[in-house]
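Over in Swiss-Prot, the protein carries these features:
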BINDING   192-200, 215, 264-270, 315-318  ATP binding site
DOMAIN    53-171  domain 'RGS'
DOMAIN    186-448  domain 'Protein kinase'
DOMAIN    449-514  domain 'AGC-kinase C-terminal'
LIPID     561  S-palmitoyl cysteine
LIPID     562  S-palmitoyl cysteine
LIPID     565  S-palmitoyl cysteine
MOD_RES   484  phosphoserine
MOD_RES   566  phosphoserine
MOD_RES   568  phosphoserine
């Protein structure tokens, strides 16, 4: 019914825009949902938290911000963080401006006459940097100085930070991060598509207004297909990878009937839709090259964690609101142990490398093959080994993959043809990306000569296409085929062990990013204006335990715990 689709789309668009109010999609009870505990409630967390400088002060977004606030109270530490910020800026500065940026860093932070000389820096190292800067401003010029600065901060300053109110506030945020996650943490919206074990729908965190995609894995369907290991593998790999070019896992929870993965919402649709349903099939070369470069960065991040993807194809590459891509659907990914190879005839016909088709052993070579196939398809408007809407038997496609070279038209420039021929090389030992240098080999190809990969990796390059914010890039609600009911499968108490491994709640870095991006951190992270300790951080003012509720109070009181508050009277309609 057309009306149902219009209503579902209208509700989703309104949610994406923040609901039209000042709260930007937040519940009217959001402060109550994110209320800090008294610091005395965080003592167990304090004792169990690993004292790792890199994790607490660099990798975790809220930890990094609070450590910077602590450093701002001491001039010598402020100089160190300013230097680190300056180096980060230097590394993403365009080539023609980098030398001037490097000279400013040398003058301000490394010269005895500079205003912000950083401590503990060997003068010989400074001299070497100055000489290298004159010869040519390479991106890693300040790498050793950066390492020494972090080493300095990780000693006495880090120890002092652990005894400060800033670290106590970090413990309060960690306490909130570790609160239980349930279906009541979210508002649910329309179905966006189907996964292997259930629907994918849009959802919104009540406390922050942040939009996500919720991938629901039906418990009975998982059990019937014996998919427990596959589902847990995807969840654990998503949890491990932190890349702007791979969808992020923010939450994992369970309901009575399903296991739920809450992932980055990609509103721009997938590359298959854009290649074939937005005018003439295929992209201009510049657009295809931009997407190939971002996919290359995503594969590099996966391979750095020794993860091979194995299912690279247009429908698994999604666009965000701004037009940047992320790799999605990690169901076939697998970890490759150091020094070992793996075996597995998995993937999608037409994108599987010859060594996969032959069931031979491999490490990361199938991903570089598939990148070549995808780049070819983006430029040519069709797959290199099968024509769209023309049925070819699987055996014939696999023969073409193993034996026949791809054909090129005049849509390919010489550089594009060169890269496309080197990536899908039949021999994995000769394939670009597999000659010992990994992603670096691919990035150094002349087709990417005009791209600054440092700026690309920082999200600083403008994409060639920006999706329409008023468009819904997916099928109509009624065109998404519904799953049939699973019969003959009963859930048993022994299944709970698997569900507990899966439903682990919030994922640290995405959750903290959510708090920062939605300005919850900015609004809640308040200290005493006159330097006084806030009541929730004051050990002297420990709260008294509230009186026990009577039976009737317990029966009729509303659940008001962090993230699980229901505020249905103010909510937008959910999926019809």
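Cβ from N, Cα, C; glycine included.
Distribution of Swiss-Prot features across the structure.
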{"residue": "192", "record": "ATP binding site", "Cβ neighbours (10 Å)": "23"}
{"residue": "195", "record": "ATP binding site", "Cβ neighbours (10 Å)": "16"}
{"residue": "198", "record": "ATP binding site", "Cβ neighbours (10 Å)": "20"}
{"residue": "215", "record": "ATP binding site", "Cβ neighbours (10 Å)": "30"}
{"residue": "266", "record": "ATP binding site", "Cβ neighbours (10 Å)": "21"}
{"residue": "269", "record": "ATP binding site", "Cβ neighbours (10 Å)": "19"}
{"residue": "316", "record": "ATP binding site", "Cβ neighbours (10 Å)": "23"}
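Secondary structure from DSSP puts residue 316 (ATP binding site) in a helix.
Taking H, G and I as helix, E and B as strand and the rest as coil, DSSP gives the domain 'RGS' (53-171) the counts 88 helix, 0 strand, 31 coil. In the three-state DSSP scheme, residue 215 (ATP binding site) is classed as strand.
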